[in-house]
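**Q** To start, I am sharing the structure in question, which I have written as structure tokens.
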There are 2 protein chains.
Amino acid sequence: MVLPPKDHPRYKSLLAREKLVDASEFVAKQGLIAHGRGEAFDYLLGEQTCLPALSAIKAASSALIEAKNPVISVNGNVVALAAREVARLSEISGAKVEVNLFHRTPERVAGLTKMMKKVGIDALGVNADDKIPGLSSERAKCCSDGIGSADVVLVPLEDGDRCEALVKMGKKVITIDLNPLSRTAQTAHITIVDELTRCLPLLSDFVKEKNGLDSFNNKQCLTDVLNYMAERISS
Amino acid sequence: MVLPPKDHPRYKSLLAREKLVDASEFVAKQGLIAHGRGEAFDYLLGEQTCLPALSAIKAASSALIEAKNPVISVNGNVVALAAREVARLSEISGAKVEVNLFHRTPERVAGLTKMMKKVGIDALGVNADDKIPGLSSERAKCCSDGIGSADVVLVPLEDGDRCEALVKMGKKVITIDLNPLSRTAQTAHITIVDELTRCLPLLSDFVKEKNGLDSFNNKQCLTDVLNYMAERISS
């Protein structure tokens with residue numbers, strides 16, 4: 001990995017990019033493009049957690065605290081960027097971790113499971129014995145003791161179709177997505193419009209402190225984020 | 001290449017993504033991420049050529065018509081996405097094409113030169129015998145009968161440092177960049193904030209018709225684009 005200079009004004013953003021390229025054996029090429037889309041929206045956010053996102057993080061904290069079988073669904077980008085942050089949230093919240101991929105191959109599932117093992121997490125995913133209804137074969141696979149039986153699913157950086165399918169299954173879906181206009185952002189119950197490695201530690205802290213927010217309107221939150229971005233662009 | 005269904009509302013965007021993934025042997029992984037950033041900004045533009053971009057295309061047309069030694073500098077993303085469009089512009093404007101890479105390897109230069117050859121263009125680049133001052137070794141390489149002696153350089157999807165170095169060499173620099181806030185966009189003399197395969201055919205048509213614009217203010221144009229994006233976001 002080529003580390004960017006620590007004093008670079010965009011150090012964190014460049015580091016994230018290098019992490020992804022470094023793990024590119026297990027990150028889909030489409031995942032690299034998707035990351036770039038996120039970078040652009042984060043740029044518009046000023047690479048900071050905005051106030052509406054903070055509300056969404058608190059609402060997510062409440063949902064995880066109240067959940068009976070919470071699961072964190074991770075893909076290549078999530079593991080490459082935030083394996084440690086996911087591990088900490090899993091430990092604090094008691095949520096299981098499942099490797100669940102849009103561009104699924106046995107090699108990628110095994111490689112990503114190994115990367116989670118390195119940060120102390122026995123992730124589900126290799127033995128996928130269940131299905132998310134309404135999706136085509138490889139994209140539908142999941143684990144019955146993971147996503148299959150979860151009541152709350154935190155699924156960062158998810159595809160729109162799959163997010164919608166999880167909602168239709170009756171799960172409470174929390175997503176993390178830098179594009180407030182994406183179908184995933186619009187479909188999930190709680191959308192955190194923030195960068196992954198920035199919001200996951202906050203979410204872990206809130207769960208630990210039992211700091212939550214029970215009254216939350218996702219549509220309003222997304223509108224607030226869009227207005228915040230628009231104001232930043234025109235200034 | 002997995003072709004998206006032709007009736008998909010975002011067909012062109014999905015096709016561009018597949019083209020890049022398909023050519024990924026010669027496209028830098030960082031190039032895939034950069035493409036994603038562009039996608040996000042294009043989304044904010046409504047995937048259409050906005051009026052300020054149209055002015056910039058006309059200004060670019062004037063610059064190419066008046067140039068003595070115009071050169072189109074292409075990288076992996078440009079060749080993967082728009083080899084044919086570049087070839088047509090080169091034929092109409094008389095501009096040479098040079099393969100010039102940020103992440104330069106002899107294999108990538110050779111592969112991209114071959115891809116240009118397939119669309120009828122003998123691109124420069126393999127025998128780089130000149131340097132762009134102020135850049136580190138591999139990033140500085142260029143051809144004396146290409147960029148080295150050019151008076152006008154059209155360099156789409158360029159890195160900020162390299163764009164600045166070309167400006168410092170006294171060249172008139174035209175760029176195509178979907179991010180109006182990027183250093184490249186801010187540094188070039190003429191910045192076309194538009195998607196590559198959408199604006200290159202327009203630019204070729206304008207050059208052919210001798211349709212140009214001599215009075216052009218790049219800073220004002222970028223402000224106009226930002227205001228256009230902000231209006232679209234908040235509506």
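Every residue gets a Cβ built from N, Cα and C, even glycine.
These came from TrEMBL, pasted as-is:
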BINDING   A:R17, A:R37, A:D177, A:L178, A:N179, A:R183, A:T184  ATP binding site
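How buried are these features, and what lies next to them?
**A** Counting every protein chain shown, the Cβ of A:R17 (ATP binding site) has 22 other Cβ atoms within 10 Å. Under the three-state DSSP scheme, A:R17 (ATP binding site) falls in the helix class.
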**Q** For A:L178 (ATP binding site), just count the other CB atoms lying within 10 A of its CB, please.
**A** 26
**Q** Mind computing the max CA-CA distance among A:R17, A:R37, A:D177, A:L178, A:N179, A:R183, A:T184, which the record assigns to ATP binding, rounded to whole Å?
**A** 24
**Q** If you skip the near sequence neighbours and keep only those at least six away, which residues in the chain come within under 8 angstroms of A:N179 (ATP binding site), Cβ to Cβ?
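**A** Looking at Cβ-Cβ distances below 8 Å from A:N179 (ATP binding site), excluding near sequence neighbours, one finds A:R37, A:G38, A:F41, A:A185, A:V193.
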**Q** Which of the three DSSP-derived classes (helix, strand, coil) applies to A:D177 (ATP binding site)?
**A** coil
**Q** Which number gives the other C-beta atoms within 10 angstroms of the C-beta of A:D177 (ATP binding site), all protein chains shown included?
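**A** Here the count is 29.
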**Q** What subset of the binding-site residues A:R17, A:D177, A:N179 has a Cβ sitting under 8 Å from a Cβ of chain B?
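**A** Near chain B, the qualifying binding-site residues are A:R17, A:N179.
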**Q** 10 Å Cβ neighbour count around A:T184 (ATP binding site)?
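**A** Result for A:T184 (ATP binding site): 22 neighbouring Cβ atoms inside 10 Å.
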